[in-house]
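Report on the structure given below.
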Amino acid sequence: GEPIRVLVTGAAGQIAYSLLYSIAKGDVFGKDQPLILVLLDITPVMTVLDGIVMELQDCALPLLREVIPTDKEEVAFKDLDIAILVGSMPRKEGMERKDLLQANAKIFKSQGAALDKYAKKTVKVVVVGNPANTNCLIASKSAPSIPKENFSCLTRLDHNRAKSQIALKLGVSANDVKNVIIWGNHSSTQYPDVTHAKVNVKGKEVGVYEAIKDDSWLKGDFILTVQQRGAAVIKARKLSSAMSAAKAICDHVRDIWFGTPAGEFVSMGVISDGNSYGVPEDLLYSFPVVIKDKTWKFVEGLAINDFSREKMNLTAKELMEEKETAVQFLSSA
């Protein structure tokens with residue numbers, strides 16, 4: 001078959017180091033899909049990229065047709081089938097979230113414009129670099145000729161964290177837990193919701209609340225653990241989540257490519273237009289979605305109780321504030 005062109009930005013970084021191997025060996029697009037990998041990073045780390053290219057060559061992977069390292073947007077974004085935007089300005093000591101937003105607004109405005117100019121109009125764009133939701137919104141707004149539905153941001157890591165916490169609590173496999181939801185922002189205001197989640201216990205599918213029988217844990221420590229997990233990893237490892245982030249990106253992209261399993265939904269940050277959950281329009285907000293033929297749809301008709309509503313509104317409010325800040329930077333830039 002024809003190779004597909006896959007871009008990974010921030011390609012010299014930690015997440016990419018795990019991610020590139022998984023993509024190149026066929027974990028994401030299937031074992032019979034040839035690939036051209038395009039690696040974008042900043043000029044000072046180009047020698048690091050050369051080393052990564054050598055390693056990918058040395059893996060002797062049958063699907064990998066070509067690896068293109070570059071520091072130029074016009075090379076990186078050309079004719080892409082999929083763009084995985086991992087690279088962003090990391091938060092430095094003493095930096096306010098606002099400073100982080102400003103630094104990244106510039107990057108994602110520029111990358112959005114490059115997508116608009118050079119990539120295929122069918123390109124799927126996944127934003128990982130934080131603040132992921134707002135970076136994704138900026139990229140989408142900077143690429144007006146590409147459908148907004150083609151842009152999504154990663155909340156799959158939070159989704160996987162939530163699944164795994166439930167599985168650990170019940171002593172089952174993570175595979176036995178399905179339909180957890182991450183609502184809202186990929187930040188500490190996100191709402192991990194297991195009201196509609198199901199778990200397979202001894203061959204019988206039951207609701208998570210019914211299986212765990214500990215509402216105060218589910219409404220308290222469970223939510224906090226998922227919200228604060230990234231910070232906990234940094235504290236322990238002195239580095240941010242990389243292996244688990246790469247795995248979540250693979251899950252997210254594979255589901256876009258091949259669709260979600262029957263009876264299951266996943267969480268991803270998508271444009272909120274036309275949702276039935278009262279989330280304001282024109283936000284990049286994490287929802288439960290199902291995917292078929294590379295197209296996502298909101299999961300409709302889930303009952304939202306007062307506890308959930310409050311949490312969903314809180315994270316929407318943060319996203320609206322971030323968006324306002326970002327739009328100010330963009331208009332003054």
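Backbone N, Cα and C atoms are what each Cβ position is placed from, and that goes for glycine too.
Per TrEMBL, the feature domain 'Lactate/malate dehydrogenase N-terminal' maps to 5-151.
What TrEMBL records for D41, N104, V128, G129, N130 is NAD(+) binding site. Same-chain residues at least 6 positions away in sequence with a Cβ under 8 Å from that of N104 (NAD(+) binding site) are, in sequence order, S88, M89, G129, N130, P131, T134, N135, I138.
Contacts of R161 (substrate binding site) defined by a Cβ separation under 8 A and a same-chain sequence distance of 6+ are given as P192, T225, V226, R229, S244, in order along the sequence. Positions annotated as substrate binding site by TrEMBL: R91, R97, N130, R161.
The domain 'Lactate/malate dehydrogenase C-terminal' feature in TrEMBL is assigned to 155-329.
Look at TrEMBL and you will find H186 tagged as active site, proton acceptor. Long-range neighbours of H186 (active site, proton acceptor) (same chain, six or more residues apart, CB within less than 8 Å of its CB): N130, P131, A132, N133, C153, L154, T155, L157, D158, G269, S286.
Comparing R91 (substrate binding site) with D41 (NAD(+) binding site), their Cα atoms are 18 Å apart once rounded. Cβ neighbour count for D41 (NAD(+) binding site) (all protein chains, 10 Å cutoff from its Cβ): 23.
Calculated from their C-alpha atoms, the gap between V128 (NAD(+) binding site) and R97 (substrate binding site) amounts to 16 Å. R97 (substrate binding site) and D41 (NAD(+) binding site) have their C-alpha atoms 23 Å apart, to the nearest angstrom. According to DSSP, the secondary structure content of the domain 'Lactate/malate dehydrogenase N-terminal' (5-151) in residues is 66 helix, 27 strand, 54 coil.
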